[in-house]
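Notes follow the structure.
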Amino acid sequence: MDEPAWHALPAVKCFEILRSNKKGLAEEEVLLRRRKYGQNKIPERAKIGPVLRFLLQFHNILIYILLAAAVLAIVELRYAEFGVIIGVVVIDAVLGFVQESHAEREAEAIKQMLSTQAVVMRSGVRKTINAVDLVPGDVVRFIFMVMVILHVSCPFFRWPPSTATHCHTPPLNAHTTIPQTVNLHTQESALTGESTVNPKRPEPITADSNLAERINMTFSGTLVVQGQGSAVVVATGLKTELGKISGMVNEIETRHLTPLTRQITVFGRFLAIAILIVAAISYGIGVAWGRNPVDHLFTAATIAVAAIPEGLPAIISMTLALGVRRLAQRKAIVRLLPAVETSGSVSVICSDKTGTLTANQITVRLVTTAFNRYLVTGTGYQPIGAIVPAPPHITLQDFLGEDQADRRTPSLKNCCAPESPTGQFLTELMLAGVLCNDATLTSQKDQWELLGDPTEGALLALAMKGKLIPLEEQFTHTRQGLIPFESEIGFMCTANWVPSSSSSYPFLGDSTVKAIGRHKYFLKGAPEVVARKCLGQATVIDGRIIVENLDLDYWRREMETMGSLGLRVLAIAEKAAPSGRFPAIGQESPLVVPTEQAVLSPTLSVVGPDQSPQPTPSVPSMSEAIRGPPLGPAEVDSGLVLLGLIGMFDPPREDSKQAIQACHRAGIKVVMITGDHVRTAAAIGNMLGLFDEQSLPSRANEVSKAVTEPPILLVPPDFHLIPPIAQSPPQQLAREVANVAIFARSTPADKLRVVKALQKNGHITAMTGDGVNDAPALKQSNVGLAMGLSGTEAAKEAADIILTDDRFSTIVSAVEEGRIVYDNLVRSILFVLPTNFAQALVLIVGIAAGMPDPLSAAQVLLVNIVTTVGLTLPIPFQRGEHDVLRRPPRNPQVPLMDAVISARTVLVGTLATVSMIVFFLMDYWWIPSARRLSLPQAQTGALNELMFIQIFFAFNCLHLKGSCLTRRTFSENPALYLPIVLIVLLQVALTYVPFMHVAFGTAAHPWWVWLRAIGCGIAVFLVVELEKWIRRLLYHRRQAKAKPIGV
């Protein structure tokens, strides 16, 4: 049976379907329903246990190759070689296991714990229960600052007055529909992606309304920021919207292979086939030359061991682990090792807007009065900023950065000086915003936190920038009446006592009653609603504040201008209350405000009759503050004076634009996917530079007028509109997303489709987000990036990387580190493979020439495990190239061993082979018998030549393309010198220490062999630098030919 469209049903019908009523369910019925529906929670996915996670470290083609080499060693009874290879395999697995376990612990440490209690009615009795025990049909209660832990679809109904006492309940986990409300507002950005506060009312709406428009529903994971209400639970657990998103996440396939793991898999298969072919050929050649087939099997095994880079898996894990550690220092926790490299391959970053690109803090940026406009600097809720005159023509550029207005008008000071009429006017406007306000801002260690509606929080921050102290003003101007905001009336109004000492005097003739004070109505709301109630407008003319006739055309133009900039517009008005409407307030007790900290704290100290400090709420509760008769809408239906318009928006994070510019320089496209409105998304996109700067704000306004159906896609430079995402076939959507910069009014399913479409086009995608609605796309993307501070648990669990500082700029650090990690992996592979190539080739040539092996099996394993790994260990510490963020993302289809790396591997391997073969033959065969060296001496000479070639080639690998013939090359990676010293000491020990002679078949050789070995290393270094110089020269010539004439 299909689930009813609860939002389209009245409360009575919901109760009827659920077989419930306002008194709630009986305990017996609750037990029956719990058996039927189960607990109200989303089942956690089974986590991989430590044993299985450790065993998965062996699931790697290179590890399989090493195990095969170990089998060959044990078949030939080479126990020492077998033990060394197995040791390398185990160490590699332990490295990966420890790092992944550490990342999991870090992720657990930043989880935000949520409360699990709910207030319900059971058989007419109010109870506090665990949220997991909620069942469909339960009646629950919401109050201010309660998170919705149920997914409820409940027609709101009002609780009896006796139940209005303060009670803290947890986030809602069920789905409810709302029978009755009292000024109930919720913040649903975690689910819908919109930063606005949503008023709730009980009336049913159309069945096809989208999630963000269901004003009679409350949803799991959302926050009650104002008012109170009650609701009936209609869905729990996986049936909730949160549960549906969780289901979408679980349906997504397990994380796909990263570009690196794909390339290593392909590389490993190629290497395995090549090694088997080489071993088979060498075995065939040896048998053809008359060697014993059984004995020669050991030689073939030696060639296989020589060709296998035993230390490469450990080097790869260590390189990734170092990248993870460096990213942790840069505020990003990597949950899976390969994710750090994948971040360097990203070609498209799909970012949520609210809380990711923006601060999720509504900020006032523009104040419009009848006589001037004023820019407001500063971002967020911090009371840091100024109010300065705006330029004649406002553009989006005026809102870029937190102090743009200060830089554009450096000679202007804050316009709120109390001695000037302009300052008095702006003070009155800000005072109205403070008094007609139910929010509270508190400071904790320089971090400002909001309790209440973000729009009202923005008005408090504006007042503090204007040197007002909200708590003091609210305490001094006693509230006498309230009309709470309702979407039906479109405004909020308070009646306040204005004492004679108020900064509101003299304003609009108040000086006539200065001696005794008076009552005033302060009103804020939608501009079109407030304007209809006004007869005049306040203005400043010739240094005097006066009231003149209302100029509706002027205000309409201002509203259109502010709307075209993507600002949320609020109108502020006031009027004097009739004499005798409210009881007169006597002389107020003196207010004690000893320090700024006391003023900004959640409570104020007032001196009581006995001179003892008495705590008083910063914002009195409704029952405490309202002392007069109820205030009705008819009292403020006309006769108001319009003070001005307030333009506010959720500002971009301070460093988001710079981070996006860095992404563009790195060839990475940034796409905004948001559930917010088109005009707001377009304005934020323009500010952040998501598309061409020629896309002016006016075009955003044109888009907003053209849009009738969400979601829509915006394409620069003309914001071409294409069909809704849900209606686009996958093939069509894959074509259309190529040039899209913004996806507005998107649902969680839309985000998932967009990521899949981008991946279908071959892009490596990263998805950033903090909300529950981001989880499916986070998991589908190649790199999921969750916000650690503001992110929901669902987002963190679905992500690969958690940004602990919630900054988009940290993503740039992840991209940079990912590219450095990949470069270091290529450097490591480039360093390792020529050695293995040379060793295998030397043995094959020796077999083909019918001469003794230039290197013994023990010497081959020594070079592979000790020398090669020892010199490779410092390479992951190498810094990035200067152009690491100025080159396009690498093509994931390009193999790990591209043409340049392959050619250099063959070049160095061939040079090393030729030098070892030539000098081995010279020492052992060609020179006169009197000076001829023994086989162990000749093998030791070849071994030392190979080691010195490795030492000098390590410096070649520090720069893949750039020259290493610079002083910086020999000083930028000090970690390289320790293994060089140790390897040289090892060479001396191998040459001169007797027990090393026994273990590795070496012998002391003449001193001139040392000079020859060093000369071989220098020669290889110079040849490689010459090869790089030739490649750079050819590249610049191609670039010069490709450049148009005259450029």
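Positions of Cβ are set from backbone N, Cα and C atoms, glycine also.
As given in TrEMBL:
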DOMAIN    5-78  domain 'Cation-transporting P-type ATPase N-terminal'
TRANSMEM  51-73  transmembrane segment
TRANSMEM  266-285  transmembrane segment
TRANSMEM  297-322  transmembrane segment
TRANSMEM  829-851  transmembrane segment
TRANSMEM  857-877  transmembrane segment
TRANSMEM  906-927  transmembrane segment
TRANSMEM  947-964  transmembrane segment
TRANSMEM  976-995  transmembrane segment
TRANSMEM  1007-1024  transmembrane segment
When counting C-beta pairs under 8 angstroms to the transmembrane segment (906-927), the leading stretch of 266-285, 829-851, 976-995 is 829-851
Can you give me the average pLDDT across the domain 'Cation-transporting P-type ATPase N-terminal' (5-78), rounded to a whole number? 79
For the transmembrane segment (976-995), give me same-chain residues lying six or more residues beyond its boundaries with a C-beta closer than 8 angstroms to one of its C-beta atoms, as numbers and ranges. 862, 866-867, 870-871, 873-875, 940, 943-944, 947, 950-951, 954-955, 958, 1002-1005
Taking DSSP H, G, I as helix and E, B as strand, the domain 'Cation-transporting P-type ATPase N-terminal' (5-78) contains 44 helix, 1 strand, 29 coil
Do any residues of this chain, six or more beyond the ends of the transmembrane segment (1007-1024), have a C-beta under 8 angstroms from a C-beta of it, and if so which? 904, 907-908, 911-912, 915, 919, 923, 941, 944-945, 947-953, 955-956, 964
